[in-house]
Amino acid sequence: MKVLLAVTGGIASYKAYELVRLFKKNGHEVKVIMTHSASEFVNRRTFEVLTEQPVYIDTFEEESTAYINHIELGKWCDTFIIAPATMNTIAKLATGLADNMVTNVAFALDPTVKKYIAPAMNVNMYNHPRTEQNIKVLIEDGYQLIRPGSGFLACGVVDTGRLEDVEVIYNTVIQSDIPINQPLLNKQVIITAGPTLERIDPVRFLSNHSSGKMGLSMAKACERLGAKVTFVVGPNQLEIPSSFNAIHVESTHDMYKAVMTHIDSMDIFIGASAVSDYTVDQSEHKIKKSDGELVLKLKRTEDILKTVGEQKKTGQTVIGFAAESQSLETYAMKKLNTKHADFIIGNYINQDDSGFKSDTNEVIVYSHNHPPYPIQSNHKDQVAIDIMNFIVGE
């Protein structure tokens, strides 16, 4: 999800920090825009650190003449949230007044963007007939209202008008993004992701460049379609949703044991990890440097995908990945057959827009019952959605 958070000026503005953190923690992209009034309450730099993106306050704050911020941001996002939304901003939007960054972007949004307003203000201001009328206009314009909660307000009274809890705002947006049709509802999905690490001694190890990003995207796509996700992941720096049953492992053997523990209850297995094919007998102490060559005796590790494929039962689906630098179709089809998989997702790892550490990917889905199905380059989250939509539609 690409979230554009608009922060307007009020005492509740500081809660937007936590809202950004929640979206980022669960793997969503976030950008922030602010009104000048908001900058009286919260710090632009803090949002830039939290989002790892520039924050825009001035409508005419352009990086170049070829990039018009309020237009491009409106194209970029798929979700637009105004939190907190002040009485002033709500009135401007309802009457068509575009005089700051937030209101300009709001009117430049693509029609497909999901829009939310989370008001926060004094109870009398919120209950004022004009505010009620303005909110009604925004709802008619496609905004979803996240009503304010009750509590202690800045004016010293306990009443309605407090910005709704950020967890409630987050969950409201997430639930609205879930498709009505969930073909994987309550299905058990096991997904492996990331690298594995084989220790040579207390200092050195064998591993690879896998980031686990594609595996995480596959897990989020499955959960979006209703699945219950068991996420078996090697060493990583990912923000893993708390809704996953996350199992952290280090070696290929650790990953193998975790998968086999859960395999009988699975409906779908997705092997998206880049496991180490070889391991070594670990030295108890650091191997000291010498003038001669060091020879390591490598031993094969367990073949997780092949084992799962050989043991799959009727009704279970096995999906693997083939990350190749050449002859993709040849190796992917070979893997499809030798691993007893139902689908192999193939991609080239030596392209700039795909591979281990990239945020984007371009893949081809191989199966026994369908010609190779290409999925064009896109953010890994969207590629994963496209993969799963194709697979569940088979």
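Backbone N, Cα and C atoms are what each Cβ position is placed from, and that goes for glycine too.
Values in this document were obtained by computation on a predicted structure and should not be read as measured data.
Summarising the annotation, TrEMBL assigns domain 'Flavoprotein' to 1-175. Annotation comment: TrEMBL describes C155 as active site, proton donor. The annotation domain 'DNA/pantothenate metabolism flavoprotein C-terminal' is assigned in TrEMBL to 186-392. Summarising the annotation, TrEMBL assigns region 'Phosphopantothenate--cysteine ligase' to 189-394. Residues or ranges marked as CTP binding site by TrEMBL: D277, K286, F321, K335, K339.
The structure, with features from TrEMBL marked on it.
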residue: D277; record: CTP binding site; DSSP (3 states): coil
residue: K286; record: CTP binding site; DSSP (3 states): coil
residue: F321; record: CTP binding site; DSSP (3 states): strand
residue: K335; record: CTP binding site; DSSP (3 states): helix
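Of all Cβ atoms in the shown protein chains, 21 besides its own fall within 10 Å of the Cβ of K339 (CTP binding site). If you count neighbouring Cβ atoms within 10 Å for each of the binding-site residues K286, K335, the highest count belongs to K335. Here F321 (CTP binding site) comes close to M214, G271, A272, I344, I345, G346, N347: these same-chain residues lie at least six apart in sequence, with C-beta atoms under 8 angstroms from its C-beta. Listed in sequence order, T252, R300, T301 are the same-chain residues at least 6 apart in sequence whose CB falls under 8 Å from the CB of D277 (CTP binding site).
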